[in-house]
Structure formats: structure tokens, C-alpha cells
């Protein structure tokens, strides 16, 4: 006898789980969403108007979720701010918020929508997951009442949190995460009292989740990977690209490689705010990625990933990021240095004056070594070796150590460090290393047109980032990003 319609989602989920258990891989999806934004206002709209706007965005997300499921995806991640956007004050965002319970309540909003009060957004997301038998990850807003018995209770009597939710293929609320590291413009939200470390098990590995700015900090990002040993990180983000180093696909790919995990990064898409760049990133590099600053269209990405990369025979051994760099003396040669600004960070640069050479540049406790050979030394393009060892950021400061081979926008050395997206020079080889004071170092190569270089470079156990051959495209940057979390200043807004 055929199962009843009510049992179909459970049957499909069970079959999907068995299929996943039979394989060491799974199919993941991320959707870069061109968010439909509300009209700017400091006054709250009605709950009905707020829901109408969110339904417009969820219509688009539902189409992406259905397509991903039809193509075999087991999980899909959607962006931060993907359901209502970001044009809000603390007061004006309130109609968009729902009370999101702790997942221990064992709740399927799709079948029991009113259990915790009105929750139309959670109901619809739950039904998307249930009807398509897929894990759905989304970013919404949580509200929690408080009173004078709580000394930290805001004056309006509620906490408001930037929140990620995960629904399993039966539509059950599986995970809830409150963003811990808010960006300086997120004044509509409150900071959680303590950092949350959210993990959950699936038939295809152990997952963790955090949001956007969180990726730059020890809690929760490093804790999830180093202590909790997750296989895959879910990463809704609204990332504003900043060349030459903090472009979304560049840094997110570097972070996944440096941490040795899968990173499912779903970005919002808004070219006026330089928001684009999503991907399915692994410790070997990007399995799929998308960067589009020219159009206003969303994009669905899918890829088959290793379910448990730590158990794979190809999982790389530990890297001593300073081994090679501390074992050699400074390279001799023309090493005249000059200072240049990357945004507000003052780097020490040395111009690469010849077609090939060995260079060393130092700043603070960091010395960066470079061996290189250009395919052709152009007179109209200038490259430099740069070092930075210090605090980055204007309001929220955190400590970087960066070694970089960098193209300058022009032959005027005062422009070195300013954003540049195109180049003409290819390299026959390069080898970059540094005397890093941290084990948390993230490697990446960026080509002209903001393109990654999967499979074209490697990191040796002694900490050298080396090309495997000549670069297939002109080069913008070769970078090692080091993070000294222990030297970070306290977060001024959270404290």
C-alpha cells in the first residue's frame, strides 16, 4: 500500500538520509540573492506590510530552494539579510522580527505554526524544507522580551538578535544562532550576552554556523573548527567587498583552506553596496564560486563536497607557517622600502624592480620573503611585496599579520594598496612566506577580474605559498593572511 500524503515527507527524508549515509560526499547549494529592499523609514510599518515584503523575498528563495532540491542538493544556505534587507533602525525593524524558540522544543512550524505565537516566516521556511526534503538555512530576526529584573534589558523591554535558523528536511527547527560580532552599522540588533557555539549532526557530517563579521574573530569561528571539530560551516553573509584583501570570494576561500573545512558562503547581491561573492569553498579551494559586480541577478551554486574532510586520505598535514621564513636570512638585493596605505592600514612595501628576484620586507615582528619570476616585466605595471603587522579597523580593531605580493593601480608608488581589479602581468613562478606568530594563516591567490586560482598554487608544510607553474591569468595579489586573535582589542560596542 502506498504511504499517505502526510507520511511522504518523512519517507523521502529517510531515503535521503540513507543515500547520504551510503556516500562520503553530499551535494551542497548556496544562493546569492538580490534582496528586494523596503522603503527607507524610521517609523515601523504595519506587520502586514512587513510580511508582504518578506514574502516577496521568500518567493525568490523558494524558487532557488526548489531548483536546488531538484538538482539533488541535501542542504542550501541563503544570505544574511536575505528576507528583509538592511535599511532599518531599532524601531523600524521590529515588525519584521519573530520569536524564535530554542530548537530543543522539537518544533515543526509547517505543521504546528501557532505553537509559539505568530510565526509566518518560520512556518514558510519550515514548509520549504519539508516540501522539498532539504535542509534550509536562512537569516531572520529574533525578538525576546525582558524586564527590569535583567540589568542589561534595553529600555524598550526587548532583545533583538540577528539570527540564523536551520530547518531539517522534515521542516523541524534544528538550529538557531544569534550573531555575536555585529558590524558597526547593525544598531538595530543587540549583542548576545555570551558567544554561542552552535553545531548539529547530519548524515553527511558535523555542521556549525555563524554569520558574516563573525568569521574574522576567534569566537565563534575558530572555536567551532578547532574545538568543536565541525566538518562544514554554514555562512550567511552580507559582505561588502574591499579590495585588495577583503573581497568575499578571496577571503572566504582563504579561510576555508586555512581552517581545513567546507565553508558554504551565501552572500547578498547588491552592486551599489559592492555586495557579491558566494561560494562552496573547501580546504582544496573553491568547488564553485560566483562574483558579479555588473548585473543585479541572483545566482544558485551547487557542488559535491566531502562529507568528512578531516577523515580523507588527502587531508593535508599541519603547516608550520613560520618554519621556512624563520630558517633563512633576509634575501639580499634591492630592498628599498616605502610606506603605503591599504585603506587605513600602513604597510611596508618594496617595489619589484626586475623580471625576477628575491625580496624581504619586514614590519614589526613579521618578515615576508618572496621569490618570483614574471613572464614579462611590463613598464606600465608595478608590483610590490608588502608586510603589515598591526591592528586593523577603525572602530572595531583586530590584529592582522599580512604578507602580500600586490599589483599597484598605476606606476605611481603612492597608489600602491589602493583597489585594483585588472592586470596584464603573468608570473612564471612565485613563493611567498612569512615569520608569522600564529598558526591561523589563510592563503589565497587573486587573478585579474577578481578570479580565484583553484589548483594553481599549493602551501608546503614549511609555510611557503608556491605556484605550481606559471599563472594562467594576470595576477592581482598573492596573500597570506595571519590572525593574532590574542592581540585583538576588546570590542568597543559589545563592552
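The backbone N, Cα and C atoms fix where each Cβ goes, glycine too.
For 1-22, the entry in TrEMBL reads signal peptide. Annotation comment: TrEMBL describes 31-307 as domain 'CN hydrolase'. Per TrEMBL, the feature active site, proton acceptor maps to 80. Summarising the annotation, TrEMBL assigns active site, proton donor to 179. TrEMBL lists 212 with the feature active site, nucleophile.
Counting only same-chain residues at least 6 apart in sequence, those with a Cβ under 8 Å from the Cβ of residue 80 (active site, proton acceptor) are 139, 162, 164, 211, 212, 236, 237, 238, 268. The average pLDDT for the domain 'CN hydrolase' (31-307) in the predicted structure is 96.
All protein chains considered, the CB of residue 179 (active site, proton donor) has 25 other CB atoms within 10 Å. Counting Cβ atoms from all protein chains shown, residue 212 (active site, nucleophile) has 27 others lying within 10 Å of its own Cβ.
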